[in-house]
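Peer 1: When I checked TrEMBL for this same protein, it listed these features:
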DOMAIN    A:95-306  domain 'ABC transmembrane type-1'
TRANSMEM  A:9-30  transmembrane segment
TRANSMEM  A:99-122  transmembrane segment
TRANSMEM  A:134-155  transmembrane segment
TRANSMEM  A:179-201  transmembrane segment
TRANSMEM  A:281-301  transmembrane segment
Amino acid sequence: MIAYALRRIALAVPVLFGVSVVVFLVMALIPGDPALAILGAFATPETVARLNADLGLDQPLPVRYLIWLKGVLTGDLGRSYALDRPVLDEVRDRIGPTLILASAALSLSVFFGLAAGVVSAVRQNTAFDGAVRLLLLVGISTPSFFFGILAAQWLGVELGWFPTGGMVSLFGGRGLFDLLHHLVLPAVTLAVVATAIVGRLTRAAMLDVLRQDHVRTARAKGVAEDRVIGVHALKPALVAVVPVIGLQAGYVLGGAVYVETVFQWPGIGRMLVEAIGRRDVLLVQGGVLVVATLYVAINVATDLLQAALDPRIKT
Amino acid sequence: MTATAIEAPRSQGRAGALSRLVRQPLAAVGLGIVGMFVAAAVLAPLLPLADPDLAEPARRLMPPLSGHGLLGTDQLGRDVLARVVWGLRVSLAVGALATLAAAFVGSAIGLLAAFYGRFVDGALMRLVDVLMAFPYLLLALGVVATLGPGLMNAAIAIAIANVPFFARAVRGSALVVVGRDYVEAARMAGLSDLRILLAEVLPNVLPLIVVTAATTIGWMILETAGLSFLGLGAQPPQADLGSMLGDGRKTLAVAPHVAAVPGVVTFLLVVGLNLLGDGLRDLLDPRMADGRGGAPAAATAVERPADRCPSTATQDADPLLAVEALTTAFDLPSGRHAAVREVSFALEPGGSLGIVGESGSGKSVTALSLARLVASPPGAIVGGRAALRGEDIFALSFEDLRAVRGARIAYVFQDPSTTLNPVMAVGRQIAEAVAAHGGVAAKAAEARARELIVEVELPDPERIFSAYPHELSGGQRQRVGVAMAVAADPEVLIADEPTTALDATTQATALRLFKKLRTERGAALVFVSHDFSVIEALCERVAVMYAGEIVEEGPTREVLQSPRHPYSARLLACAPKLGKPDRALEAIEGGPPPIDGRPQGCSFAPRCRIGVADCAAGPIALSDLGGGRKARCIRVLEVADGRY
């Protein structure tokens, strides 16, 4: 298992290299004068020239990449001119709220997705199964931004059960309850689609495993049906579901963009939307790079979890 | 062999695809929704709608049905109905365009990677890996950041983010096609690469491309609308569903309809597209369908007519196992058909019965019926009884049945590579069989499992205990299967072709093991096989099955020496015999009748050389020939004379 883990981690290195090239190129290929794009239309010729020299924009592309990469590896992601502070500081402040939101949403979707998928597979073709399947279909088709504004309006503004914004800082001294209270609506909104995807896949995987011969063997031994479902069917089904849970981690990290905007959550998604709006290119670059790196790490963890579940993988 | 043999043949013709699609009710609903929306979007210029861009500040934020347009007006006094139809037109067009672009680029990458392999494949797939290393929406955001906000840029960004899905799916499917003979032949014939790709490979992966597009278009429309909602897509005065929703959000408290109308339309459109996509996938690529065919219930359904389930009280005089007129049927599209008809036999402690027959003869279904392990649906026990010491197994509650399974009737299955749980250590699987019937602590069950591993003569018990099935050889896995079966000391051991998947040497050791266990434990044995020689070595009695019926039964040695049914006789003539290499082997012309096409009279009559008119006239009874022998034939005398 350790050898497998090391090999899997080593495989992530070229992917991270590729990610850095893509992030670099995306920003380097911005049409027009990048310094103008960074500084905005009202920049003076002097500041443009200074920035060009700062960024090494007068150098050929590969050299610029190496300069940029050296900066990245030493923790220098450049400077947001609009915010007048280092990109790394801003990203560091914003990543925490996003991680809390995304992990809450992912936990909800794994729990409810697995439960819905397992129970509806076991009760296949009953009214319950029909209702769950319909609900899951509705779930994957829900525009989370629409769901978000409806939830904010109804449960937040009209019923006043939950705050619809106002999360300024995570540890502002108002305690865990305040955090959770603010977290409910955004986390549920973000979890809807992911729950439905996990649920649909779990149901399909469970039905697939329940048809397999080894489940019949367990029943022939007289194993209790709860155990047949919970151990003999669920564990092999999880082997198929875990990679999709990894994909959902990517979905909630991306979908956080909508939810953070709707609920004014001070995370990295809202930061990116605002940065794109004012063409704060270096901030976008830094944010995307950090989140993508995080996602690569999540994918490695997912693969390791899958290997832990299925002994056939780590050969 | 049970489930696959009876699966309905799927007609694969493209003709009538639409009618088959519509026959799935959910897909039909999806088609209806999508059709309606597409029609509205296409016909928007012709529909009697107000000008969607005509602002009338005097009638701002009018609610629906207030006399100012059917669905009211927005914050600038524009007609919401007209705007949503035009917005739908924009969203559909952009979504379709993005899907086409992603499908084209992604499929091209997948095809080229599969076709050229090696370096091209490696380079393209690493590129796809890198794209997939970004959270989906973040990649799109990065692209929008580069190109600048705008509807077309948003569509390009969403298309790029979806390219990897198409590339991966198409590559996987194309790899199979590229390896086929006709592609190789086309290469030999000197056809150009482009021509081979377009004429030979593409048509074979096209259904997959269509399915992938159909299942992602809803998603792409949703995400493009999302970017517009964030203000990164459609810019005023251009409006799509997402930007309308974003505008409406500002007046949600006073005029919820301005946001709700585009929101509901987006939702319904995507529901429709997803229903349609699921339907198309089921139609074009049944392997990807979720939950098709269904999972079998915990026990085979018992649906006996009242007059065919005699109930009797338990008596000591009752035989250990008595099967009476067992009939098990399968529900096929053409109706319910009996796979096993009126099968009867009895066993005493220590007794042994072999059931022999070809694939599809019903021998496995008979064996599985005894503990209600036939997959159900489609299977059901529709007649007869199986009594264990006089108690009808088919009448037991599920919990009582579970107490019988493993503890009183245990099974050894055919293919140990699929019948063991692949993700559970085999020692735990054996211990589970010990512990399944209560009263055994976990530690004790594990200790017993170790003993059982030794008993079935597996080497290195400690290693085997913690090994997974894939780490064992076929013969070792089969011993694990045997250890699980004998774990709870069953009264009846049912072995369903346990040696078929093994090579000859392993088979011989396995048979020796069965013999040993039978003598040591005194369990009754039902041994299913297609191989007479295996049954000869193990069983006192044999029943020969053909087309779901027992056609001959008797002491094994006598049946082998002088069969009384022409089918048994011919089957024996087909088998090679050790020590008689020169013997001419026969084959029986034709094949057994399919489950839904069995004749009225003798099922073997169409293949029989000595058949007469009476054979096909009606059902033939299993007649008692004396001396414990039975045969279902009206010409037993001719067979006994060797004329068959």
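Just so you know, the numbers here start at 1 and follow the chain as drawn.
Backbone N, Cα and C atoms are what each Cβ position is placed from, and that goes for glycine too.
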Peer 1: Would you confirm whether the transmembrane segment (A:281-301) and the transmembrane segment (A:9-30) meet the contact rule of 3 or more C-beta pairs below 8 angstroms, pairs 6 or more apart in sequence?
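Peer 2: Answer yes, regions in contact.
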Peer 1: Taking A:9-30, A:134-155, A:179-201 as candidates, which has the most Cβ pairs under 8 Å with the transmembrane segment (A:99-122)?
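Peer 2: Answer is A:179-201, with the largest number of Cβ pairs below 8 Å.
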Peer 1: Counting only residues 6 or more past its boundaries, what in the same chain has a CB within less than 8 Å of a CB in the transmembrane segment (A:9-30)?
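Peer 2: For the transmembrane segment (A:9-30), the nonlocal Cβ contacts are 37, 61, 64-65, 68-69, 72, 281-282, 284-285, 288-289, 292-293, 296-297, 299-300.
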Peer 1: Which bits of the chain, at least 6 residues beyond where the transmembrane segment (A:134-155) starts or stops, bring a Cβ under 8 A of a Cβ in it?
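Peer 2: Sequence-distant neighbours of the transmembrane segment (A:134-155): 116, 161-162, 164, 185-186, 188-190, 192-193, 195-197, 199-200, 203, 255, 258-259, 261-263.
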